Amino acid sequence: MEKTASKKPCCERVGEFFKSSKFLIYLGHALSTWGDRMWNFAVAVFLVELYGNSLLLTAVYGLVVAGSVLLLGAIIGDWVDKNPRLKVAQTSLVVQNSAVILCGILLMGVFHFKGQLTTLYNGWLLTTCYIMVITIANIANLASTAMSISIQRDWVVVVAGDDRSKLADMNATVRIIDQLTNILAPMLVGQIMAFGSHFIGCGFISGWNLFSMCLEYFLLWKVYQRTPALAFKAGQKDADDQELKHLNVQKETGNSESPAEGSQLMNETDEVKKNTGCCYHMTEPIRTLKDGWVAYYNQSIFFAGMSLSFLYMTVLGFDCITTGYAYTQGLNGSVLSLLMGASAISGICGTVAFTWIRKKCGLIRTGFIAGVTQLSCLVLCVASVFAPGSPFDLSVSPFDEVLKHLFGDSGSLRESPTLVPTIDPLIQINATVFEEAPQVKSYMSVCLLFAGVIAARIGLWSFDLTVTQLIQENVIESERGIINGVQNSMNYLLDLLHFVMVILAPNTEAFGLLVIISVSFVAMGHMMYFRFAYKRLRSRLFLFCSPEQKPDPNIPSLPNSV
């Protein structure tokens, strides 16, 4: 009897979990992220294939996407703040998936009729198709940004409620889903394109997004129904209260004023609207952008957010830049795929470690520990620059490669300069196929480099989750969207700068210099966080030590916080 009684609550708990808002958010995020990862991988491959195995279209797409988020991040976040949660999530979902479906259908037509399109109007029709593909794909990415801000930065906080441990667990689970889909989704669509064709790949992605959009739409509605708190938003409530107060004041004033005075007041109001209406609405995006950056600067977690952005200014990640360098050092595609798998496992370990360390040491100290861990591991990357087998050579000018592309060997400016291809920051898997890796004398340098990069993922993802939760806990509800929008803009800005850095020094002899610069930026980022943590912990210590202050129930106990 006791065993039966003990099993029943367990089964009920499992059933309740699968029906809970938390699980529905996980399921919806898995579907959304799976589609995003497939599309982000496939669109770059499609653009490379369409433009004759050149990275030019991929580079243009990457710059357009990064520039759009950089400029519109605050405006997107402000739109998320000023509208109902369900409307924002559903609109973003429909726009994102519809854009991907439309882009997939357009690409299917281009692949099927590419020969005819090349000859029509001297190829201008095909160029127009390229522009349409990049534009629609950029719209999909902007909608995905709005969706990410809405769900991961707002809905998750509301569903977790006042339970910070639950919030940390949800953030960690969402990040594990990101890590897994980042590996498995590109593998699936890559196999489909390898054994089928690019035409079939486009059709599969379009079909998946149609199915996913319908299911995600239903899941969002169920989460909204089961979490009543999602129906209330601080910014909207304040606006409604102000409007009611304004109406009450007008009502009281109308009772005491004469009709002439009331008419004069209405005329003055109409005149103000006429004078400011057109210009006011035209300049509203600029004011929103300015207000967003000012609000971000005035946040108590400003230095924590900036510290996370500085980690994007690095070549020490598994993107095409690092994998391309690995090829020049003698590593083949099979070894690189194993290293990418090890990197994903390391990231998952860092995500799990975040939840455990946060419970033992507190959130702020978790970020400190994660920063020290990451910097300690990156010492191996710095050592790889001077290890045997490293091509690092300061006597070779990092600008020689750029000058060679621009002027050629003769020194005169070419009539048609060869463009130096950039790499798409959204692509996490090397899309370039190498037939045979070159031979090198020693693998010591590249082994130290990737050992440091893989090991540093533990501290990196723990730190990322720490800053994410700090923003969630310390930014007021009415500003969550715009602050996270600006945060995304800062991340993209530093990410763009690191690609500019690679363009200026593309030769392998200068890669060691890029490694040192990258580690320096990571160190500066963690120094910003250490400054933030020191000030925050010192203020908390003052609260506990002051006899006039009562302990805040939201602040962890003294041993865990200080």
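Glycine is treated like the rest: Cβ placed from N, Cα and C.
Among the features that TrEMBL reports, transmembrane segment is placed at 59-80, 92-111, 123-143, 294-315, 335-356, 368-387, 442-460, 481-504, 510-530.
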| Any contact, the transmembrane segment (335-356) to the transmembrane segment (442-460), with at least 3 Cβ pairs under 8 A | yes
| query | Hey, does the transmembrane segment (368-387) touch the transmembrane segment (442-460), meaning at least 3 C-beta pairs closer than 8 angstroms, sequence gap 6 or more? | reply | yes
| message | Ranking 123-143, 294-315, 368-387 by the number of C-beta pairs under 8 Å to the transmembrane segment (92-111), which range is first? | response | 123-143
| Other parts of the chain folded back onto the transmembrane segment (59-80), taken as Cβ under 8 Å at six or more residues beyond its ends | 43-44, 47, 88, 134, 137-138, 141-142, 145-146, 149-150, 154, 285, 288-289, 291-293, 296, 421-427, 480-489, 492-493, 495-496, 499
| query | Between the stretches 294-315, 368-387, 481-504, which one has more Cβ pairs under 8 Å with the transmembrane segment (510-530) than any other? | reply | 294-315
| task | May I ask for the residues of the chain that lie six or more residues beyond the transmembrane segment (481-504) and have a Cβ under 8 Å from a Cβ within it? | result | 62-63, 66-67, 69-71, 73-81, 145, 149-150, 153-154, 288, 291-293, 295-296, 299, 305-306, 308-315, 321, 398-399, 402, 420, 422-423, 425, 471, 475, 514, 517-518, 521
